[in-house]
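Novice: This is the structure I want to talk about, given as structure tokens.
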Amino acid sequence: MKKKYLISGVVLIFVVILGVAFFQGQQKQKPQAKPTVGILQLMSHPALDAIHKGIIHGLEEEGYKPGKNIKIDFQNAQNDQSNLKTMSTKFANEDADLSIGIATPSAQALANTITHKPVILGAITDPKGAGLVKNNEKPGGNITGVSDQAPLKEQLNLIKQFMPKMKTLGIIYTSSDDSAVAQYKMFVKLCKQENVRLKAYSIANTNDLTQVAEQAVRSVDAIYVPTDNTIAGAMQTLVGAANNAKVPVFPAVDTMVKQGGVATYGIDQYQLGVATGKMSAQILKGKKKPSTTPIKFFRHGKLIINEKQANKLGIKIPANLLKEAQQKGELIK
Amino acid sequence: MSIIVSAIGQGLTWGIVGIGLFLTFRILDFPDMTVEGTFPMGAAACVAAIYSGASPLVATLIAFVAGMLAGLVTGFLYTKGKIPVLLAGILVMTAAYSVNLRIMGRANLSLFDKPTMLKNHFLESLPPYFDSVVLGIVVVAIVTALIVYFLQTNLGQAFIATGDNPNMARSLGISTDAMQIMGLGVSNGLIGLGGALVAQNNGFADVNMGIGVIVVALASIIIGEVVFGDLTMNQRLIAVTIGSILYRFVILLVLKLGFNANDLNLISAIVLALFMMFPVLEKRFRIRHTLAKGMTKHD
């Protein structure tokens, strides 16, 4: 009998909590002097961490110093998506003046929970395709942000210049990463237009990468990797397999060049973050409104060449590109 | 306050997943790994059905069926194919990943601007987050009532007997294979249902949303058991849902404590471990006795 009372007791407590909350539900919280910004990141890996750092820097450039005149609530769901909703609710409950989502699922969780305060997308490849905004030019709601869409055509031309004798190009992407798949599809179209033979490989998670990469390097002359969070986290595995077969890897993201890719016209992830931070600051100040601020796309990337890696694989870097990287881009020695 | 309401709402929704796993983990007494595949499968089936124009209620029922089919496959592999149940579950879970990609046609589908069970006039008129609480209570109540009723039928008793002692059950003329297949089917159906509700509550389905589901469901079952001790079967079903709500409170508490965001998993594991050590600590410090004393009148 005692157990019954205990269970009823606990249930009663929940009911009381709900009752109290029900009557408090409509009350408004006091406005805060210091604006609060919530940042929700899906998981830790170099590209997403760089975006996060860039956001802080962007806010600082606009005069918001974390801890001084702005409160930053940073949450990392550690790739467990059941945490995203709780964390989004925490932001809503704090009455955060603005929330930033890094990676698609975190942005979707925020967008679904927060409907009256601005939500900024930190590097979402295709906001319209992910169902986050109605229109990339005129978002219309409380959501806008920055896209990390890579300049695919520029990148494909770069690969052609590096590999004039290339017969088959391989692409490796993660089938569970929506934005990677979106880029893969665009890349397929592009290769058809440019008459490049493309062989596609996909992985479900990083554990598949070793075998898939080993398979891929046997049948292609070069490998392209789109903006792919999973592969970014396991770049060393891919580079290891590619090095053994002397096949160069051309990634879409600058951080992946540093980890052993040969070259790219990359959008600096950190700069993406800075742009996100600046956009957020302008919205906080009331200078811009999410509904009328178009999604920001970066059309041109910065040339980054990993000279060490190119020499290792015996690839000759075209002189004009070498010059461009030295002057306007970055050359890793 | 509203964050607690949201946690209760999520706890109720995840409670259905806990009840689903309870049927295999506690009653049939084996670990079923299929759940990490059937949870996103329910979400995927539900969202895909909503996209193709089905009403949210129908879509949610489709999610139950989808989860059940996957569970039945595990059941057949285990009983007829003689594959150890842990492996059978892992096989189906792995296969479910590809099936889920096929169902959705992509890795992630958003319910932005689409109808869900939470978007109706009555639920939207409630204070914030009460929509998921009300929906959760209704679904948990229906599911719990149906299972309580089922376990008291002859079939239900045979089902319990199969889990308690398969040899004994067989000697009584019970087809234990059929019972295990049925259990896996219903259990995974419920988990698919849970996945559908979570997807509607969160606003999207993602092929990776199955990661960690088995941990959440096991935590709900065990917290419920640890907090309440020995219970009858019906009480245990309710305890799973309460355990699931308490688990959400643990996460909330860890978030509120404001540790470094990267330490979340470590801290929640520590808090959970403390929870699970409760019986040991209890023996030592007589916590429950003291608590009970606090609740009774002075004599």
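Cβ from N, Cα, C; glycine included.
Predicted automatically and left uncurated, TrEMBL annotations should be read as such.
For reference, TrEMBL lists these features for the protein:
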{"type": "TRANSMEM", "residues": "B:12-28", "note": "transmembrane segment"}
{"type": "TRANSMEM", "residues": "B:48-78", "note": "transmembrane segment"}
{"type": "TRANSMEM", "residues": "B:85-109", "note": "transmembrane segment"}
{"type": "TRANSMEM", "residues": "B:129-151", "note": "transmembrane segment"}
{"type": "TRANSMEM", "residues": "B:178-197", "note": "transmembrane segment"}
{"type": "TRANSMEM", "residues": "B:209-228", "note": "transmembrane segment"}
{"type": "TRANSMEM", "residues": "B:237-258", "note": "transmembrane segment"}
{"type": "TRANSMEM", "residues": "B:264-281", "note": "transmembrane segment"}
Novice: Look at every Cβ pair spanning the transmembrane segment (B:12-28) and the transmembrane segment (B:85-109), keep those 6 or more apart in sequence, and say whether at least 3 of them are under 8 Å.
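Specialist: Judged by the Cβ rule, the two regions do not touch, with the required three close pairs absent.
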Novice: Check the transmembrane segment (B:209-228) against each of B:48-78, B:237-258, B:264-281 and return whichever range has the most CB pairs under 8 Å.
Specialist: B:237-258
Novice: What stretch in B:48-78, B:129-151, B:178-197 has the biggest tally of Cβ pairs under 8 Å against the transmembrane segment (B:237-258)?
Specialist: B:129-151
